[in-house]
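Below you will find the structure I want to go over with you.
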Amino acid sequence: MCGIWAIFGSDEDVSKQCVSALRIGHRGPDCFRLENINHFKNCCFGFHRLAIVGDTYGMQPMRVHRYPHIWLCCNGEIYNYRRVTEQFGFNNETGCDGEAIISLYMHGGIEFATKHLDGVFAFILLDTQEKRVYLGRDTYGVRPMFRLLKDDGFLAVCSEAKGLMGLSHDDDDNKVDIEPFPPGHFEAYDLSPNGKVTLRERARFHKIGDMPKYDALVKPLGTFQLYTLNSTFLCVVSLPGGLDSSLTSALLVKHAKKSGIIYPVQTYAIGMKGSPDVEAARTVAKYIGSEHHEVSFTPEEGIQAIEDVIYSLESYDVITIRGSVAMYLVCQYIRTKTDSVVIFSGEGSDELAQGYIYFNKAPSAEEADVESRRLLADLYMYDVLRGDRMASAHGLELRVPFLDHMFTGYYLSLPAEVRRAKDGIEKYPLRKAFDGTGLLPDEILWRPKEGFSDGVSSLKKSWYETLQEYVEEQINDQMMEDAPKTFPFNPPRTKEAYYFRQIFEKHFPSKSKWIPYYWMSRWSKSDDPSARTLKHYKPYSAYSV
């Protein structure tokens, strides 16, 4: 996890504009650099580094001796950098994974490079010889990137939108769009002598569900199984106690033992007193033999964290904020109480494997498939956003093995009828693939879906109920009546949504279009996104199969 920032074609004092880069310092606590571009004084890179691979030579913007005209700023991890280095005979000068982007670009161009990257990434690549600027982002948008592009050719790019606020050259910053860069795409810009840019090309390099172009380490074997956890670093697992994090934890422990790693995999769970997630996580940790940590939080601590959570998220989506509070607090604990840096998590599994309870109400397998793909396409605005921002707020890095390109491509290639909920059980094929393997206890493998914001709650009084009591005192009925006028786009329909929106607008005025809609269950009349409002919801107990 790092923070990248760049401007091209500034008409202002660049030294003053660079202060904006400091707003994302939390993403890279190890070191920081600002660097002007040779012969382009109104262009500048900023980089905050979290050192994971290549501690000595990994500082950015990255430059290598054989290509002195190339500048690279990248936030992410390229998992197949050793593989492509060997495959194409590259010389890896720095020993860092990011250098593979430079080598692939010089070998076959920007489209070739992006198609051959296995990993999560958001990058800015400058070629001063060809006078080009390139932007690229991974398929699911696991790593964030925003851009600001003006009609006069001024371009600004940052990992988080907050680093672009105030850079528009206009008196009214609200007139200029700061937009999330689309996942799975690259953009190419022509760079003029005055540092201004002109969009030359925008193209998708990888479509959700397609098999990747690169030579994968592990390929499908013909029968369904979770066959790859594609990463090179074992450290710590966020273990809420649900199916996805439990599978990730169990497979990591199994792989660590096979690899001869002595250091125990660390697992973490968070919840209020009596949380069903904490109970389930404790069961998993004991079963797999991880070194387990339980973090407890009070309703007051949750309420107190809300504004920091919203500022970090850059979102006002209700269910995203609810779930982010607990994740923010557990990441805070990991950063302050341990030396762990990398977190493995289960994000993406519910969208891929149709794990939300409302999939039980899908009218057909085909409609369930369409909904699954829609959720995957929008992950970067919701669950993946939550995972990245809560981890990076505390200088941690998140890994999401369920969004491995080969795994998602293979899973989505299965017939729609196979992937739908079966007999009221969501994620049935995923559960069945591990049934009888002994990897997890049956009570966990067949545990019903529990939303993160619900699972961390106390059984006596839920996090949802705590929030409703609090916002009832903050927002009055007149404010709700005026909500459509106060917030014309995505007007809040509940006092909780209004309260969150107020905080969002305080920090990011007139930027509500960063979230196109409130996340809600499909095929349901409920006005609340919580799974507990749905007919198919079951409390913590195993399905009978």
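Count begins at 1; order follows the chain as displayed.
Even glycines carry a Cβ here, placed using N, Cα and C.
Found this in TrEMBL, in case it helps:
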ACT_SITE  C2  active site, for GATase activity
DOMAIN    2-192  domain 'Glutamine amidotransferase type-2'
BINDING   D97  L-glutamine binding site
BINDING   I270, S345, G346  ATP binding site
SITE      E347  site 'Important for beta-aspartyl-AMP intermediate formation'
ATP site residues I270, S345, G346: biggest Cα-Cα distance, Å?
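With I270, S345, G346 as the binding residues for ATP, the largest Cα distance is 15 Å.
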Around the Cβ of S345 (ATP binding site), how many other Cβ atoms lie within 10 Å? Please give the count over every shown protein chain.
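I get 26 for this one.
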Summarise the model confidence on the domain 'Glutamine amidotransferase type-2' (2-192) as a single mean pLDDT, whole number.
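On average, pLDDT over the domain 'Glutamine amidotransferase type-2' (2-192) sits at 93.
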Around E347 (site 'Important for beta-aspartyl-AMP intermediate formation'), how many other CB atoms lie within 10 A of its CB?
27
Which residues of the same chain, at least 6 positions away in sequence, have a Cβ lying under 8 Å from the Cβ of the residue listed as 'active site, for GATase activity'?
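R27, G28, F47, H48, R49, L50, Q60, C74, N75, G76, S159 - these are the non-local Cβ neighbours of the residue listed as 'active site, for GATase activity', listed in sequence order.
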List the Cα distance (Å, whole number) between E347 (site 'Important for beta-aspartyl-AMP intermediate formation') and I270 (ATP binding site).
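Cα-Cα distance, E347 (site 'Important for beta-aspartyl-AMP intermediate formation') to I270 (ATP binding site): 16 Å.
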Quick one: of the binding-site residues I270, S345, G346, which has its CA closest to the CA of D97 (L-glutamine binding site)?
S345
